[in-house]
Structures are given as C-alpha cells and as structure tokens.
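One structure is given here, and the rest of the page talks about it.
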Amino acid sequence: MSVTPKIISTLLATALAAVSATALAAPAAKPTAAEAERFLADTEAKLNKLNNEQARAAWVGSNFITDDTEGIAAYFAERFLSASGEAAIGARRFNGVKLSPEAARKIMLLQQTLVFADPKEREQYAALQAALNGAYGKAKYCPTKDNCMALGEMEKVLASSRDEARLKEMWTGWHAQAPSYKDKYVEYVALSNKGARQMGFADTGVMWRSQYDMPPEAFAAEMERLWQQVKPLYDALHTYTRYKLRATYGPDVVPLTGPIPSHLFGNMWSQTWTNLYPILKPAGETKSFDLTKVLEERKTDAKQMTKYAEGFYTSLGMQKLPASFWERSLLTKPRDRDVVCHASAWPINEKDDVRIKMCITPTAEDFTVIHHELGHVYYFLGYTKQPFLFRNGANDGFHEAIGDTVALSITPAYLKQIGLMDQEPDVSADIPQLLERALSKVTILPFAYTVDKWRWDVYSGKTKPADYDKSWWQLREQYMGMKRPVESQGITGFDAGAKYHVAADVPYSRYFLADMLQFQFHRALCREAGYTGPLNRCSIYGNAKAGAKFQKMLEMGASKPWPEALKAISGEDKIDGNALLEYFAPLKTWLDQQNAAFAAAEKK
Ligand code: X8Z
Ligand code: ZN
C-alpha cells in the first residue's frame, strides 16, 4: 500500500460503519457548537486508538502474507471502519451549525467516507480489501512448474533486456496474473459503491473526487485542464521516443503512426521510461553518469541508501529518524516469505512509530524512491502534533510530492557533494539530464490520469466488468499512445489489476497532482534559498532557510484547505503545470528540433 490507503490519505475515504436505525434518524433539536466540540474530542480519541491498532495489523498483514495475517488485518480494519462510519453519521447532525473553522473542517472530513448499513457487507468489504492486497503481493509468473518469477525479477528484465520476445513474455506473464482476482475486485467495487451511496455520494469515484476542497465536477475539470497544459510536452517526448524505438526494434514492431506496443518502455506499466535512457540519449552523449553502476560497485546496502536520503532531510534542519524506524522498517526483500514489495511508508502511531517497507536494491531508481518514501515519513513526523483528523497531507497529492521535491534536488552538484560522483558534468549536459528526468516526470502524467479515469468509469458503472480491458486500452491509447503488445484476454481480462494501486484500491490522481506540485515546491524553495539559475541545476541540499519553509507546510498537515498550504510554501494557490513546463522548457525546444529533423529524414 503506497502509504497504506486506509491509514493516511484515504483513511477517511475507506471507512465504513454499521449504521443503526437511531443513528440515521433526524435529530430533534439543533445541536450546539459545544456539543460538536465534545463529539469531536470523543471521536478523535476513539478513531486514533482504532487506527493505531489497524495500522499494526495491516503492517503484519503486508509483511508476512498468510491466511491468518490477512484475517487479522481484515478484523482490525473492520473495527476501524465501523467506528469511522458511525462517526460520519454522527457528524451529519452538525452540518449547518455555526462552528469554529477547525471544527467545521473536521465535521466535513469525517463525512468523506463510506458507510455500510449492513455489518456483513462491511466485513466482506474489509475481507476483500485484505485479500486483494495479498493476492497482488503473492502473484508470480511461472514459466515452468518449478521456476516462478516474482514481479521484481520481471521488472529487472523489462528494464535491461532489448530482446523483444523476452520483453513480451515478461509483460504477458505478469498481466496474466490479475484475472485470478478479478471476481474479487468486481465484488469489492459493488460493495464500495453501496457504502458511498449510503453516505450520499453517487458512487465511490465521486467520493474520491470530493476530497480536494472543491466540488467533484470542479476537480475533474481541473485534472483535464492540467493535462491539456502539459500534453504538448508529452506528445513531443512520445514522438521522439517512437523514432528511437523504431531504430532499435524495427518498423515491424514500432509503427510510424498510431499507438506503440507497451512492452517496450522499460517498465511493466510503461509509466516511467527511465530505463530507455541508453536508447534515447542524445547522439554524441558519451560520458553519461550511471548512478546505478556506482551504487552497485560500492555494494551500497539498503541501510546506506536510506541513510543518504535521511541525510538530505537532516541537511534541511529536519530531525533524525527515530531509532524505532531503523529497528522496525523492512528495507530488503526477505528470502523466505511473501511480502508486498511495493514501497510504502507507515505511520503506526502518533508518537514516533513511523516505518517504511521497501525491497531496496542499489539502483538509481531506488535511490529516488527512498527519498520519496522518506518524504511521507517526514510529513508524518511534521504533522504529528496536529489532532487526529488533521494528521494527513493537505491533500493526497501533497503527500506524494514531498519526497519527490527533495529528489528533484538530487543534482550532479549534490551527488558530488556527498561523494557519489567524481566530477560534475559541464553545462552542455543539461539536455541529457532533463531528458532523463522527463522520462519519469512527464511520462507518468497520462498514466496517472488514465488509471483514475478508468476507475471513475468503473465506479460509476459506465464500464462493466466485461469491458474492463476494452476501456483500459481505449484510455491508454488515447492518452498514452500505447497498445497491448498481444491480443486482448477478452471479457476475462484485467490488465488494470496488474497495477498495484488498482488491486489495493489506492486512488492515483494523487501522483498526477504530485507531479505538478513538486515542481511548484521546488521552484519556490529554490527561490527561498536565493537561487536564480535554471531550475534543473538547483539543489536545496543543506539550505536551512528552504528547509524551514518546507517544514512549516509539513506541520500544517490537513488543518487548512490545501490552497492555504500551497500558499504557505509557494505564494500560489492553484495547482499548475507552469513550473513543470518552465523546468523542461529547454528540453521541449530540443525535442521539437529533433522531431522535425526525424520527420524530414523520413520524407526523403
Ligand atoms: O506508489 C508509488 C510510491 C509509493 S506511494 C512508491 N509511486 C507510484 C507508483 O509506483 O506507481 C510513486 C510514483 C508513482
Ligand atoms: Zn508515495
């Protein structure tokens, strides 16, 4: 669970409750503000305790996947959901009562949740959620009876092999796993919608879109506006990549127009294309720096990788990670058991029990991911003094953006400073660096949009289970310019379910928003640090002034509507693609030139 959905960002979103007839009945007299304060104090104390219990059980459930731990995780999740659902119904009484801004916000937050009238359905929902999480964690592709490959191994092949047949085998091998839990997912969606409707939402997708301090329709329009802003940059990158892939795999595999088969992008979901860098790098770029090679050669272990990341945060004036973090986190893939390896950060309690679970390997990719995960952890630690309901990101995109903002400061100058690079490349290396960065930051945008657009239609009932794949590939073609590498699995297909966040039901728009926000944060913090040069060469490493500004926003948690948090750090109050576009502007010019030259050559 990317920051366990039940525990942070969607903590309220996934809550359910048994609703008694009395709770649903309209109250007789209008309650007072003082009653609301008492209600909130009781509710927060109760939910806090149950949340800590469920967090521990979920941690064990994801770290030791067995039928028993799955049952235990579901049991505690159900208890929390019951209480938060009851609280949601209780909170309704205070709608329209004049309250302090904090109390009014808490009453609003409490109602962004699923509620079940039937306890059996609530239990079933919690059981399905735990089972889906476990099913994804256990899934393996077995080319032969006694040789099975875990996802991580297959990802490695996708990252490094250029053997088209082998790539196709890995891609189809993994995507053949999800149909085994499709029925569970279908049942889960139906139950989730029931819960959303009982809380007054048209469906779960509407509830998700209601969590951004604006009406759900306005949020959908914002997503579309933001996508249109950055689409020309994505299109330029896609066109450039097509030419290079054609040169690598030949015109029979990569067509001159139309969607490109999605197994060629170096990533199981083609969401980041960083592994294509050796194919895509500018002609004549010979001395590219390979961080993976350095980390491997030095046998950098998981703890050292994490220490590098911690070192960045402490350089900003933030605290050291608590001793319990080092004792309780899972940093490497255990050899003897199944765990959910998808990286995640966990606030187990409000004291200082914060952990991560990640199967760290010494690669450049994991070097970035570990900074991402610690971003969640420093947010947890930052807002720990807030009351329970405000112990969350300003919105879920903020939570995802913290660590990524820090990772944008992993520049050559920074790597040199910490001894991972001998010599800083000169200014002529800007385009290669920007290109490499675009291969994750630009490519994720249409992917992130697609994942949730698909789910919004699934939750609304517009897309029926028999059409899951049809809709998935329509969207992937439309936004990402990609197609399935082999014929579809038909009505039983569940390619979306091959993505962790779909199986685990974690909303994904957060990564789209985070992608924009991190460039806004980066630009603002670089300015705070007094930096005036190009944004891609700015690192805020060691800058206490930028760190203090960052920390201030972290401490706010979810206590204010997110535009206020954004204002506190950047002076802006809208999420916007302009900072990202500014960052990549030199690359856009370069891509356009390259593409024009390729097109001219094709014509000859
Ligand atoms: O899930 C994650 C993080 C944990 S919140 C590792 N990410 C998304 C993904 O892997 O799909 C980070 C970027 C997008
Ligand atoms: Zn994350």
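Any Cβ shown, glycine's included, is placed from N, Cα and C.
Features as listed in TrEMBL:
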- Glu373: active site, proton acceptor 2 (ACT_SITE)
- Glu373: active site, proton acceptor 1 (ACT_SITE)
- His501: active site, proton donor 2 (ACT_SITE)
- Tyr212, Arg510: chloride binding site (BINDING)
- His372, His376, Glu400: Zn(2+) 2 binding site (BINDING)
- His372, His376, Glu400: Zn(2+) 1 binding site (BINDING)
- Cys142-Cys148: disulfide bond (DISULFID)
- Cys341-Cys359: disulfide bond (DISULFID)
- Cys526-Cys538: disulfide bond (DISULFID)
- 1-25: signal peptide (SIGNAL)
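Taking the recorded positions His372, His376, His501, Arg510 in turn, the residue surrounded by the fewest other Cβ atoms inside 10 Å of its Cβ turns out to be His501. Among the recorded positions Cys148, Cys359, Glu400, His501, the residues whose Cβ lies under 6 Å from any atom of ligand 2 are, in sequence order, Glu400. Under DSSP, Arg510 (chloride binding site) is assigned to a helix (H, G or I) in the three-state scheme. Cα distances from Tyr212 (chloride binding site) to the recorded positions His372, Glu373, Glu400, His501 are smallest for Glu400. All chains included, 27 other C-beta atoms sit within 10 angstroms of the C-beta of Glu400 (Zn(2+) 2 binding site). A 10 Å cutoff on Cβ-Cβ distances gives Cys526 (disulfide bond) a total of 22 other Cβ atoms nearby, all chains included.
With respect to their backbone Cα atoms, Cys142 (disulfide bond) and Glu400 (Zn(2+) 2 binding site) stand 34 Å from each other.
On its own chain, Cys341 (disulfide bond) has Gly137, Ala150, Leu151, Gly152, Lys333, Met358, Cys359 as residues at least 6 apart in sequence with a Cβ closer than 8 Å to its own Cβ. The most densely surrounded of the disulfide-bonded residues Cys142, Cys148, Cys359, Cys538 is Cys538 (count of other Cβ atoms within 10 A of its Cβ).
Between the CA atoms of His372 (Zn(2+) 2 binding site) and Arg510 (chloride binding site) there is a gap of 14 Å, rounded to the nearest whole number.
Taking only the Cα positions, the spacing between the residue listed as 'active site, proton donor 2' and Arg510 (chloride binding site) is 11 angstrom.
A distance of 33 Å separates the Cα atom of His376 (Zn(2+) 2 binding site) from that of Cys148 (disulfide bond).
In the structure as shown, the Cβ atom of Glu373 (active site, proton acceptor 2) sits within 10 Å of 26 other Cβ atoms.
If you measure from the Cα atom of Arg510 (chloride binding site) to that of Glu400 (Zn(2+) 2 binding site), you get 7 Å. Secondary structure at His376 (Zn(2+) 2 binding site), taken from DSSP and collapsed to helix, strand or coil, is helix.
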